[in-house]
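Visitor: Could you have a look at this structure, given as structure tokens, before my questions?
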Amino acid sequence: MGEFIAPWNLLQLALISVYPMYMSFFRIANGMSLLALYVDLLIVCVPVLFIQMKLGGYHQKGIVGLFSQHVPIAKGIGVALLIDLFLTCVYLAPLICHVGLYAMLSMVEKPYCFDHETTTESVQPFMDRQNDARLPEQEFFDYSYLQEVPYISNITEFPVWHFSEAFQKVNFSLAPIALLVTWLLVFLFIAFGPRVCGWILFLLGPASLALLFAVMGYGYKNLDPNNTGKFLKQFYKLDFTGFVDPKANPSVIDDWIHGFNLLMFGLPVWTAIPVSIGKWVGKGRISRNVNWLVVIFVYACIVQVPQLAMAPYLGNLLETKNVAITETIFKGFKVVFHSMPAAFAVLKVPPVYAMLFYLSMFISGVMFLCIAVMTIVDNIVDSLTTRYARFTDRRCCTTFVTSFLLVLLLMGFGVLHMSKVGIYLIVLMDQSVVRLRFIIVILLAISLILVYVKQTFSIGERVIISIWCGLASVSAAGLWIYNFQQTINQKVSYNNYYLTDVWVLISWIISAIPYIAIPAAVLHSCMSYDGSCNEKVHYLMCGSDEDDRQQDYDGYYPAPEPTAPPYSYMDNNEYLYPMNNLSKNYDSEMEPLNTNLRHTNM
């Protein structure tokens, strides 16, 4: 067998790691929130990413395979993380699809122009209930583009657009077709495995940044710099009085939570993604010890790029348009679909820059979908090739078929999110998926620490990182519990319409779905192991003692045990144990010895 070559290298990882940028478009962070983000990035994310990515590269396994080998009782936690990632893709893909459609709409004549004549009669009473001052671009998004209705009845009714001459000739809905195209792109990018996917994402990452820098350059060069500077100075203001006297600045806690949420939603720390990325970067000593640092550094650099790019447009919009948008301009996707279109229209920005803005966001969102779906596919394929030998020699074909079936399933679940009531479903899923996240944080941290302390790394490293990871998980879980307490009685709503109690029950069911896999996987591990009750308990807690990492002896026997007699290393046995041919670059963490670590004598 030839030497193992990782699908990704560190340079690819650095450029691919810009994909969390998509979330920074939707969640704007002020000065205090940004400070909280960087503090949490160093305290909470570093140990968790270090452990996950190092274990993934060291064992060349995904999250499910890693727990199945070392702590089978925790295998269900890995499955729960994959289900959580699946549900996230279900509702994020339609939102990213809307971004792509807005990139296309930016080039039509008079984009984002609301016309009352194209509004359906069922929407008119809903519009009359709006008491706050609203921008025309808000009306366009809600009533012309989404064709939102103030109730959930027929969830299979899709919007048919007539707000432009280009769309008046089309008598059917383009929304499901756009979602189909988005998932088709994702399938083509991931169907041929992580190596091909890595090179594609390696090109998409710089492309997304280049488009956004073009938009940023136009804004800072052509728009009023005084308004931009005033906006940045006011928005990035740091006020520490709330830490001393909470009454002086009661919003300091909310700002801190907002920064934490941006970090958790943007950088997928408590998900199945880091272990798979560590696997794809490889098991080299430098790669598995540095990859986490690359991810942290790149995220710290790009997290504010979208906000800095939008600052000239939002700052000049606030000065030009004196309307009541200051309270809602930074809430969720309203900044993308309400405020930025208003800025492009009011400030008379050339349409090409609006298209570049949405295209940059669309590319980074597609990159996240590719990595998330590739993570799920890789774990499924690893399970199939481990359990069934016939899939081992057909791994590429297995990856292709699994990718196709998974994308088909995701598209089937997500197509309803493109209907007229799809915006309610997106908000419902967004609140449901993360509601019980504090449970998975604690369980994942305990499982990772159990696996990590079993390894052959240095004792000091294992002790320090394990303690740090435990403290980080406690702090992260505490903030998630605070989020849960603050939102437990919050009703699911959008645009002053609140969902009924039936949908609230559905929301709780969605929140609990991933955790059903935990006891189910424990039962599966117990039933699949042959042995007595004590042996099964030992297997569930300690896993398999066999090290199934890639071994290639080329006819040599395994390396002798430390208790082997000294004469076993003498010249007469040099063909059994060729210790004198051992590479001087031997990595003590990679055991047992294999031919990849040997070289001929000089």
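Residue numbering: from 1, along the chain as shown.
Heads up, the Cβ atoms here are built off N, Cα and C, so glycines get one too.
In TrEMBL, annotation is done automatically, which means it is predicted and not curated.
Residues or ranges marked as transmembrane segment by TrEMBL: 7-29, 35-55, 76-101, 172-192, 199-220, 290-309, 355-377, 397-416, 436-453, 465-482, 502-523.
Are these features on the surface or tucked inside, and what are their neighbours?
Guide: A Cβ distance under 8 Å defines the sequence-distant neighbours of the transmembrane segment (7-29), meaning residues of its chain 6+ beyond its ends; these are 37, 96, 193-195, 198-199, 201-202, 205-206, 208-209, 212, 258-259, 261-262, 265-268, 277, 280-282, 286-287, 290-291, 294-295, 298-299, 302-307, 310, 330, 332-333, 335-336, 361, 364-365, 367-368, 371.
Taking Cβ pairs closer than 8 Å, the transmembrane segment (35-55) reaches residues 29, 63, 66, 238, 255-260, 262-263, 267, 269-270, 274-275, 277-278, 281, 288-289, 291-292, 295-296, 299-300, 303, 445, 448-449, 451-452, 455, 465, 468-469, 472-473, 475-476 in its own chain, all 6 or more past its ends.
Tertiary proximity for the transmembrane segment (172-192) is limited to same-chain residues at least six positions away from its ends with a CB under 8 Å from its CB atoms, namely 93-94, 96-97, 100-101, 158-161, 200-201, 366, 369-370, 373-374, 377, 396, 399-400, 403-404, 407, 410-411, 414-415, 418-419, 422.
The list of residues near the transmembrane segment (199-220) in space but at least 6 beyond its ends in sequence, with Cβ under 8 angstroms from a Cβ of it, reads 11-12, 15-19, 21, 189, 228, 302, 305-306, 308-313, 349-350, 353, 356-357, 359-360, 363-364, 366-367, 370-371.
A Cβ distance under 8 Å defines the sequence-distant neighbours of the transmembrane segment (290-309), meaning residues of its chain 6+ beyond its ends; these are 10, 13-14, 17-18, 20-21, 24-25, 28-29, 34, 37-38, 41, 45-46, 49-50, 53-54, 57, 209, 212-213, 215-216, 219, 262, 266-267, 274, 277-278, 281, 357, 361.
Using a Cβ-Cβ cut-off under 8 Å and counting only residues 6 or more beyond its ends in the same chain, the transmembrane segment (465-482) has close neighbours at 40, 43-48, 50-51, 257, 260, 264, 270, 434, 437-438, 441-442, 444-446, 448-449, 452-453.
Residues 72-73, 75-81, 83-84, 87, 152, 424, 428-429, 431-433, 435-436, 439-440, 443, 491-492, 540 of the same chain lie 6+ residues outside the transmembrane segment (502-523) yet bring a C-beta within less than 8 angstroms of a C-beta in it.
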Visitor: Apart from its near flanks, which chain residues at least 6 from the ends of the transmembrane segment (436-453) lie with a Cβ under 8 angstroms of it?
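Guide: Result: 48, 51-52, 55, 66-67, 70-71, 74, 77, 80-81, 84, 264, 270, 462, 465-466, 469-470, 472-474, 476-478, 480-481, 484, 511-512, 514-515, 518.
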Visitor: Hey, which bits of the same chain come close to the transmembrane segment (355-377), Cβ under 8 Å, at least six residues off its ends?
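Guide: For the transmembrane segment (355-377), the far contacts come to 16, 18-22, 25, 62, 82, 85-86, 88-89, 92-93, 95-96, 99-100, 102-104, 106-107, 182, 185-186, 189-190, 194, 197, 200-201, 204-205, 207-209, 211-212, 214-215, 268, 271-273, 276-277, 306, 309, 336, 340, 344, 399, 402-403, 406-407, 410.
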